[in-house]
Amino acid sequence: MVSLYTLVLDLQIQMQDYFSSQLGPHCSQVLLERGDYSDQECTSLAISKLLGICVVLGSSLVKLPQVITILVAGSTEGLSSFSLYAELLAFIFTWGYSAYQEFPFTTWGESMFLTLQNAIIILLGYTYARDYLYLFLFPLCLVGSLSFLLSNQLPAQVYFYLQACVIPLAILGKLKQIQKNYSNSSTGQLSLIMVALLLNGTIIRMFTTVKETSDMLTLFTYVISALLNLSLVLQIIYYRKSDKKDAESKKKT
């Protein structure tokens, strides 16, 4: 029977091997073997790797609050369909571009999880709208598109152009949701927890992108996304305060 000590030791060795491969020979020797954390370059790289892992792990559930909100309400009211599709394309293009460039998974892994979660939200929208044709066609189109994009058979220039499209898609998608919130004077079923988590994720991504890839196109995408996510957070807070005030005034009358 394998002892607990053996399991812990095996896990420790595996973690050490993983971080050695991620940090490179020099930094793994400095940090893991010598325990010298005075080397700022290596320490900041290690922090970037850890933050990247946290973002990727967190992203696997980041849209769960939104999914729960929709299921409880039985509606996708307040969510912009255009915004959902624009986000989905942006996540897919980032996934394809990053995989093609062979960037470390810790710098883009959330794009994969967010693609799947956005797809679930879109499918819920079709379900509640009883649009069964699109409910059937959408998964087929998504799987086909991903298979083609991740095959690495496209010219390098195409992947660059697709990543360049992420910026306008991110801007248009978020602006459409912001505009819909403003028109409705309400954020509907939009989840504050989800948007706040997305904001934190994009801020962390700015740091990890600078540290690990220095890809200015990707960095600019995250900067724009962070600003737009911040706008959505402020909108949700503002309109929910207004809704509470309206409810209190109605009670008084």
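Cβ from N, Cα, C; glycine included.
Going by TrEMBL, these are the annotated features:
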TRANSMEM  50-72  transmembrane segment
TRANSMEM  106-125  transmembrane segment
TRANSMEM  132-150  transmembrane segment
TRANSMEM  156-175  transmembrane segment
TRANSMEM  187-207  transmembrane segment
TRANSMEM  219-239  transmembrane segment
Considering the transmembrane segment (106-125), which listed stretch of 50-72, 132-150, 187-207, 219-239 counts the most C-beta pairs under 8 Å: 50-72
Tertiary contacts of the transmembrane segment (132-150), as residues 6+ beyond its ends and Cβ separation under 8 Å: 92-93, 95-96, 99, 115, 119, 122-123, 126, 162
Tertiary contacts of the transmembrane segment (187-207) (same chain, 6+ residues out, Cβ under 8 Å): 48, 51-52, 54-55, 58-59, 62-66, 68-70, 73, 75-79, 107, 110, 177, 181, 219, 222-223, 225-226, 229-230, 232-233, 235-237, 239-240
